[in-house]
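What Swiss-Prot annotates here:
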SIGNAL    1-21  signal peptide
CARBOHYD  ASN86  N-linked glycosylation site
CARBOHYD  ASN126  N-linked glycosylation site
ACT_SITE  ASP312  active site
CARBOHYD  ASN364  N-linked glycosylation site
CARBOHYD  ASN431  N-linked glycosylation site
CARBOHYD  ASN442  N-linked glycosylation site
CARBOHYD  ASN483  N-linked glycosylation site
CARBOHYD  ASN644  N-linked glycosylation site
CARBOHYD  ASN787  N-linked glycosylation site
Amino acid sequence: MPLICIVYFLQYLDKIAISYASVTGLRESANLHGNQFNWVSTSTESIFPDCSTGPLSKNNVCDTSLDPVSRAKSLVAAMTLEEKINNTKYDSSGAPRLGLPAYNWWNEALHGVAEGHGVSFSDSGNFSYATSFPMPILLGAAFDDDLVKQVATVISTEARAFANGGHAGLDYWTPNINPFRDPRWGRGQETPGEDPLHLSRYVYHLVDGLQDGIGPERPKVVATCKHFAAYDLENWEGIERYAFDAVVSPQDLSEYYLPSFKTCTRDAKVDAVMCSYNSLNGIPTCADRWLLQTLLREHWGWEQTGHWVTGDCGAIDNIYADHHYVADGAHAAAAALNAGTDLDCGSVFPEYLGSALQQGLYNNQTLNNALIRLYSSLVKLGYFDPADDQPYRSIGWNEVFTPAAEELAHKATVEGIVMLKNDGTLPLKSNGTVAIIGPFANATTQLQGNYEGPPKYIRTLIWAAVHNGYKVKFSQGTDINSNSSAGFAEAISAAKEADTVIYAGGIDNTIEKESQDRTTIVWPGNQLDLIEQLSDLEKPLIVVQFGGGQVDDSSLLANAGVGALLWAGYPSQAGGAAVFDILTGKSAPAGRLPVTQYPASYVDEVPMTDMTLRPGSNNPGRTYRWYDKAVLPFGFGLHYTTFNVSWNHAEYGPYNTDSVASGTTNAPVDTELFDTFSITVTNTGNVASDYIALLFLTADGVGPEPYPIKTLVGYSRAKGIEPGQSQQVKLDVSVGSVARTAENGDLVLYPGSYKLEVDVGQDFPTATFTVSGKEKVLDEFPEPQQNATSAVTRRGR
């Protein structure tokens, strides 16, 4: 008997609390704070040391009148060599002799407090769930810096509550700010997109929200920018991240792979950085003194109190076991420590630092410095302070999953959803019967992506349809990556009995994830076959595409039987409800693609291992700056209304390189304001809507060849523009955004003629400006090492 579930709800449904229901086998919305999803739970106790009566109280680390470095030095000075080495691992053992408890540095909070490692969730009751926001790729599609900070602020509050409740540590290994360079990358979902300016602004506001300010003396939690650097390959065609050598030119490194990290460390003053699995130009990043010392700490000035570097988990082992950069564990431990890695998310440091010291591969002060950096961070976090003296120690369970947090998770999801096609099918008519078909039709945890924790509930598409007054016919039809058509007949039967058909599919973490890249960028399995058959029914058909990476939508865009197409990423707890807000017109779509949607053939034109951005004989170019044959371009997104854009001035300036490069503040000159460009955005349609103004710069003939097609230099999200109304939108452009990167990696302001354009796929007016004078170097890029020998002597090779 075919499984076609028809859901009827009585009028009193809304009067009762249902968060997990089974109606003829149909889940509407999963309540996750129970045992059924098998989240790990551990017994907990306070993570904080006893600085009042215990043996640690006699150490100056507990003296709140001293500065963090002095306090940390006092603690480290009291440790034996064995105790020091035992505390260089992520799950540090502490020092019972001193009254120093164990501490787990490995905590995750990519889009909400995430289960595992240092973070535990209870089976029920307090600390059994946390707010689950959309994955960064969908949050990035909102192009809303204020929203990013608001989300990060809630995450840090809940993270601090978990720490205060004994369920987590105080530092979190987030965010992932590697640019989404290749569409096959399995972890692109963890990033806000492909553009370095967008990533930089995202991370600045995220760190601001997570740490509660820019370089605060007392951070709420510690954020960790990862993975430093040029990391964006998992396991492609048998090439694994653990042994991959990313060969990157100084120009591409400075221009594309590093800006988000520069912003994170130099400007946002994050407290921690994670070095990555890969090698960079022959040197494992966690053993790369140029990367961790010359560039990071010296050139970017990231030497403030309590700033530390952790290796990715197992990365120090990879130095010798996979990269074969040194002969053994002792040399790998010394190479990483000497380069500036302070903490090992692995076992090489505790196992081999003793032997390495005996061999004279590093000195004791280098070890002390690493520990001082780590414990200075904990001092800043108030780890050793009385609870009454700490502004964040009072944060508790009552500040987790608040109504405001629920509302924000919903808002963030709605803002990010992108409409890729609409022939008038949307918004949906109210009421009636909808058939919801596909592998995401009744998805719950599948909507979360990765690095997730259990929320209180997850709203499915079916739950949302019912709560919007629709009768629902449900059939999965097929799986994400199946070639079986056994469920097609059931799906077609359900669709025939409905007024409207919604197909919910795409890709999930069985297709893309950490340790798993894609080899194709097509819709997997036979999903397109089922969509094709549904489209032949000549009923209104909407496709909702889930997943972090894009798939080639060419056939759906060309199919007249597909009336509308939405991309919803990984929307997490508010997923179904937010999607239906867009489908029904309760909210107007305004998100923009944060990545390029490439044609399926792209993967045959360039290997993932080619890190080059610019087009060449064996590379068609990467990202919207260098590739112009996209199925859908970076920044694409449709609305329920129409807009017109006009410039306040057709020509700006003039500008001179001397005056622009001289700066007006003590901030790095590349961060200073070049100018604020104003446009007028008018809603010429019939639906109130947000509008994301994307400002691109073109300058053929300016700077080194080849010239980028265009470059994003600013953006702003205008909120709630009513029909017939206009808003003035101001777009701040920094000096660094106008500059270009020379072949040696220097950031240079070039004289010449420049053109500004707004949006993609529109024929809006443009504006121009001219920069006169001589070339001005804004930032001299430190000369990278090339295939250098290790920081310790290589042996046995």
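Numbering starts at 1 and runs along the chain as displayed.
Cβ coordinates are placed from backbone N, Cα and C, and glycine is handled just like the others.
Overlay of Swiss-Prot feature records on the structure.
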residue: ASN86; record: N-linked glycosylation site; contacts (Cβ under 8 Å, 6+ apart): SER92, SER93, ALA95, PRO350
residue: ASN126; record: N-linked glycosylation site; contacts (Cβ under 8 Å, 6+ apart): GLY165, TRP397
residue: ASP312; record: active site; contacts (Cβ under 8 Å, 6+ apart): LYS226, HIS227, MET274, CYS275, SER276, TYR277, CYS286, CYS345
residue: ASN364; record: N-linked glycosylation site; contacts (Cβ under 8 Å, 6+ apart): LEU81, LEU357
residue: ASN431; record: N-linked glycosylation site; contacts (Cβ under 8 Å, 6+ apart): GLY469, TYR470
residue: ASN483; record: N-linked glycosylation site; contacts (Cβ under 8 Å, 6+ apart): GLY525, ASN526
residue: ASN644; record: N-linked glycosylation site; contacts (Cβ under 8 Å, 6+ apart): VAL681, THR682, THR684, PHE764
ASN644 (N-linked glycosylation site) in three-state DSSP notation: strand
Neighbour tally for ASN442 (N-linked glycosylation site), based on other Cβ positions within 10 Å of its Cβ: 25
